[in-house]
């Protein structure tokens with residue numbers, strides 16, 4: 001990957017559409033515009049202004065398409081390089097033909113995420129903000145989008161910068177005494193160092209505490225719906241989806257394969273998996289569906305154990321309950337519109353329990369609230385100022401920083417040498433810097449930006 005190259009890519013999704021966009025970034029962007037674009041009005045292209053005209057194949061002189069062109073000159077662009085965008089009709093044939101002409105005019109095809117990578121390397125955004133671009137694109141709920149937008153706006157980066165400044169202050173005091181060994185570390189400076197480090201550690205630990213919520217908002221959760229035949233699993237799925245996605249009959253064993261659908265559960269993306277009814281059967285195909293359902297149990301974030309409230313707790317329910325031990329699950333008691341017959345065994349007393357009727361909708365909202373509350377707080381969903389780390393990379397780096405600060409505190413209390421204390425602080429600073437990209441390496445950047453789409 002060469003930063004001096006001019007890169008180009010299609011920035012709109014594949015397939016036919018109303019508009020297609022080809023994005024070009026680099027030193028040759030203006031030259032490519034002059035070569036291929038013929039504006040209706042003569043004169044040079046002013047930065048950040050759209051121009052209507054035609055796109056020409058310079059080898060044949062033929063008009064390829066009518067386009068709108070905009071040049072955004074460095075450093076006032078997404079990449080802080082000259083950026084040219086060509087907006088054409090959205091047919092794939094014309095979009096790909098224009099891209100081929102741009103490549104022939106001197107650009108090369110961009111790699112996945114290369115535009116955003118250049119924005120990072122050129123100092124326009126930090127690494128957290130770069131990652132948030134992909135999170136904005138892939139967000140499935142308003143809460144996930146709001147979190148990504150706050151990260152993109154620099155709120156998380158500011159929190160991390162505050163911790164970093166406190167650590168730099170402490171390190172500066174220690175290094176001053178290292179440079180002038182004839183002076184002893186005074187009590188006032190010791191307390192100032194301790195206060196700065198503890199302040200930084202508080203910032204870091206608060207972010208670590210919110211990691212699971214941040215990750216779940218970004219990634220969502222998987223919820224497995226499991227139960228014996230005719231317990232009401234597929235009816236519950238249909239009610240949650242507000243559509244007849246699964247076939248529902250009075251015949252047991254109707255659902256044989258796993259049905260997957262995603263819903264927005266009050267700000268939390270939930271992947272629902274409806275499964276075959278669990279029972280002993282001689283039907284080979286049905287048994288395969290049962291085996292697949294049982295295999296999904298340890299992979300799910302939560303299991304909704306659907307029990308028929310109008311029938312006694314039976315051997316099939318016991319079989320499922322035994323299979324669920326050690327996993328997180330909710331007892332979802334169906335058919336609340338019928339007289340209650342079910343009595344749960346004693347080991348279910350401390351479980352979350354919700355009665356519902358898929359027929360009338362009674363209790364379904366309570367079930368949704370129960371599921372959501374097990375994973376995220378109302379603050380994470382509703383507070384527009386909420387910010388959290390949301391990636392394992394963030395957590396690992398901050399956990400490493402917290403470990404370094406723990407060693408620092410122990411060393412400070414036990415009278416360790418200033419050199420060792422400074423080493424712990426430098427390690428903590430390096431770990432904190434990994435989050436925003438102040439300290440990084442090419443392998444990490446390759447891993448992050450390879451997940452982006454081409455053209456972003």
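Backbone N, Cα and C define each Cβ position, glycine as well.
These figures come from a predicted structure and were not determined experimentally.
Database features (Swiss-Prot):
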- 23, 85, 124, 456: (6S)-5-formyl-5,6,7,8-tetrahydrofolate binding site (BINDING)
- 220-376: domain 'TrmE-type G' (DOMAIN)
- 230, 249, 251, 254: K(+) binding site (BINDING)
- 230-235, 249-255, 274-277: GTP binding site (BINDING)
- 234, 255: Mg(2+) binding site (BINDING)
From 23, 85, 124, 276, 456: binding-site residues whose CA lies within 10 A of residue 234 (Mg(2+) binding site): 276
Secondary-structure category, per DSSP, in which residue 230 (K(+) binding site) falls: coil
Length of the line joining the Cα atoms of residue 456 ((6S)-5-formyl-5,6,7,8-tetrahydrofolate binding site) and residue 233 (GTP binding site), in Å: 41
Reduced DSSP assignment, residue 456 ((6S)-5-formyl-5,6,7,8-tetrahydrofolate binding site): coil
Three-class DSSP secondary structure - residue 23 ((6S)-5-formyl-5,6,7,8-tetrahydrofolate binding site): strand
Distance [Cα-Cα, Å, rounded] between residue 233 (GTP binding site) and residue 85 ((6S)-5-formyl-5,6,7,8-tetrahydrofolate binding site): 50
Cα separation, residue 276 (GTP binding site) to residue 124 ((6S)-5-formyl-5,6,7,8-tetrahydrofolate binding site) (Å, whole number): 51
Candidates 23, 124, 233, 456: member of the binding-site residues with the richest Cβ shell (10 Å): 233
Cβ neighbour count within 10 Å of residue 85 ((6S)-5-formyl-5,6,7,8-tetrahydrofolate binding site): 21
Distance from residue 230 (K(+) binding site) back to residue 23 ((6S)-5-formyl-5,6,7,8-tetrahydrofolate binding site), taken between C-alpha atoms, in Å: 54
PLDDT averaged over the residues of the domain 'TrmE-type G' (220-376): 84
Residue among the binding-site residues 230, 234 whose Cβ has the most other Cβ atoms within 10 Å: 234
